[in-house]
Protein chains: 2
Amino acid sequence: MGETLAQLGENELLHRLARFAPAGQLDDDTAQVHTNEGELLINTDVMVEGIHFSEDTTTPKDVGWRCVTANLSDLAASGVDQILGITVGLVVPPETPWDWVEKVYLGIEAALKQFGGTLLGGDCSRGDQRLLAITALGTLGPVRLHRSQAQPGDSLVVSGPHGLSRLGLALLRSDPLIEAALLPDKLKQKAIEAHQHPQPCLKALHALQTCKPAELPWRAGGTDSSDGLLAAVQGLCRSSGCRAILDPTGLPKDPDWPLGQHWDSWCLNGGEDFELILSLPPKWATAWLQVLPSSQIIGVMEQGPPRVEWAHGKGEVSNFSSFKHFQ
Amino acid sequence: MGETLAQLGENELLHRLARFAPAGQLDDDTAQVHTNEGELLINTDVMVEGIHFSEDTTTPKDVGWRCVTANLSDLAASGVDQILGITVGLVVPPETPWDWVEKVYLGIEAALKQFGGTLLGGDCSRGDQRLLAITALGTLGPVRLHRSQAQPGDSLVVSGPHGLSRLGLALLRSDPLIEAALLPDKLKQKAIEAHQHPQPCLKALHALQTCKPAELPWRAGGTDSSDGLLAAVQGLCRSSGCRAILDPTGLPKDPDWPLGQHWDSWCLNGGEDFELILSLPPKWATAWLQVLPSSQIIGVMEQGPPRVEWAHGKGEVSNFSSFKHFQ
């Protein structure tokens, strides 16, 4: 039978699939489509019950909202201008109540109403497990963000704090360790909101598009942090052939975020943060910090092997708990 | 818990989902996207193991081929010009061999090579069941085919024979009734080929685009017969508010197709035929028959309640065995 996907892991799987697409096409989550009339961005995300959402922690309306958000976040992390819309491939067991489906679509509708675009169609089928495959379509704005466009000398900047969604999940699951931590109510509310009702990083992108110093070209490395902050920075390193140096005292945390290794790990590896992670010339980074108060510098890009290291020679940043798709 | 999808059935489900999309957007399988630079067609199809394909009857390479074909057939039935490409949402259990995935993508690659477009990207996730959600993107040609554009007085025409794919499935499953029927080898081979290696109706569309009598406007009703011939004609009737009259002696069958009610039923309701079903002004229909030898007239569209009837007042055409997505 040969190797299984569990043995390969996701990175090797994507690497092997890359040969079926034009060179570089699968390097980012979003693909660029050249038409005679202009450039389009297209992105597909699959969300499976029991893996990406569950009835315990996510209402059906939030399932719809999060599916759209995850897709639009990828379009934002590629430099979208106008969001045209989405298609929905819906798979559900026949015993699924209509009520569940309706609420999912109400969540989809609410997200499209807020962020733009329309429901363009789709397909439905029965299957053993509830899942949605969403494809989002948009036009390209002035800067095409790519993982491969980071350069040594860039500042590494993020649009907001990380780890909130992971904390929200723990709270929704009534994790006893977290309940014992006596967190401020404000942080708890923010974390649950981040998990159930995430926002795509479209505002952060818009700020980036409007603040570029005139003397700089439209070149920036970028991705979103849907698989976690560290995975996002590792993606930039791998595709750009650069080393990232992170400042251990400058992790992007909420002001109320507790201290400790466990909490740092959730900030780095929590996942589903949907923030923009950018590699920018320092002048552009500074301009972005001024127009987007939630953003911050977390490190620099340097020449060197493609990996993420702590500043002051403190070794490689560990991703022991990052999200694995097939393991 | 309210109604389940099994209780609703697919037509009612689609009807209820229609309110989440712009008016008429879900009326056809393919959606039209207006951009500032031109019109795009986009279509999503989901194919689930155990429902749309199975290891017994379809090689992994043919799974990939058929997924692309089904999507391109929908684009063709909407009037595509250039096929831009597809995205693939792949869901597989972790124990799936890489070999299976690779062969699926080889089938996808072969279909794109033959019909145009590239692999634009996608997403992978683990799940309980193998499935593919494919979204195809293309530009719109001179005529936008809609189910809703049929008119009384039109000829009802199809691009080729129907039922072959259903026969191929029966042969691949070694159905004893079929094995006893002593069919010509030529028919058997054609049927297995139609099931495992279907062709999207792009040639038939191209013929249609080039043969329009100059005095007629670019108006035609159309769909494909992926859910079966009768379902396709019923869709035209429902969306256009017309009655279709079928000639019982003029069903579109292969020259070697046996006589009998069972065989007529497979022609009408077999499904997965991927032919173009058009409602055309008689002059345009005649021109199409001349440039596309496999095509034929199967009836006419009339004013009347939206249903499909046999000619000479012989009653409504039954679809007792048509494909149900949720039942």
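Cβ from N, Cα, C; glycine included.
Residues or ranges marked as Mg(2+) 4 binding site in TrEMBL: A:Asp29, A:Asp74. Annotation source TrEMBL lists Mg(2+) 3 binding site at A:Asp29, A:Asp74, A:Asp224. According to TrEMBL, the feature Mg(2+) 1 binding site maps to A:Thr44, A:Asp45, A:Asp123. What TrEMBL records for A:Asp45, A:Asp74 is Mg(2+) 2 binding site. The substrate binding site feature in TrEMBL is assigned to A:His52, A:Glu272, A:Phe323. According to TrEMBL, the feature ATP binding site maps to A:Tyr105, A:Gly122, A:Asp123, A:Arg147, A:Ser226. Residues or ranges marked as Mg(2+) 5 binding site by TrEMBL: A:Asp227. Among the features that TrEMBL reports, domain 'PurM-like N-terminal' is placed at A:28-139.
With respect to their backbone Cα atoms, A:Thr44 (Mg(2+) 1 binding site) and A:Glu272 (substrate binding site) stand 16 Å from each other. Annotation for A:Asp74 (Mg(2+) 4 binding site): same-chain Cβ neighbours under 8 Å, separated by at least 6 residues, are A:Asp29, A:Thr30, A:Asn43, A:Asp45, A:Ala136, A:Asp224, A:Ser226. For A:His52 (substrate binding site) paired with A:Gly122 (ATP binding site), the C-alpha to C-alpha distance reads 20 Å.
Residues within less than 8 Å, Cβ to Cβ, of A:Glu272 (substrate binding site) and separated from it by at least 6 positions along the same chain comprise A:Ala70, A:Ser165, A:Arg166, A:His195, A:Pro198, A:Ser226. By the criterion of other Cβ atoms within 10 Å of the residue's own Cβ, the least surrounded of the binding-site residues A:Asp29, A:Asp45, A:Asp123, A:Asp224, A:Asp227 is A:Asp227. Listed in sequence order, A:Gly64, A:Val88, A:Leu119 are the same-chain residues six or more apart from A:Tyr105 (ATP binding site) with CB atoms under 8 A from its CB. Every protein chain shown contributes to the tally, and the Cβ of A:Arg147 (ATP binding site) ends up with 24 other Cβ atoms within 10 Å. Those binding-site residues from A:Asp29, A:Tyr105, A:Gly122, A:Asp123, A:Ser226, A:Asp227 lying by chain B, with Cβ under 8 Å from one of its Cβ atoms, are A:Asp29, A:Tyr105, A:Gly122, A:Asp123. A:Arg147 (ATP binding site) and A:Asp227 (Mg(2+) 5 binding site) are 14 Å apart (CA-CA, integer value). Within 10 Å of its Cβ, the residue among the binding-site residues A:Thr44, A:Ser226 with the fewest other Cβ atoms is A:Ser226. When the record's ATP-binding residues A:Tyr105, A:Gly122, A:Asp123, A:Arg147, A:Ser226 are compared pairwise by CA position, the greatest distance found is 32 Å. In terms of DSSP helix, strand and coil, the domain 'PurM-like N-terminal' (A:28-139) has 35 helix, 50 strand, 27 coil. Residue environment of A:Gly122 (ATP binding site) contains 27 other Cβ atoms, counted within 10 Å of its Cβ in all protein chains. Across the residues of the domain 'PurM-like N-terminal' (A:28-139), the predicted structure has a mean pLDDT of 92. Straight-line distance linking the Cα atoms of A:Arg147 (ATP binding site) and A:Asp123 (Mg(2+) 1 binding site), rounded to a whole number, equals 31 Å.
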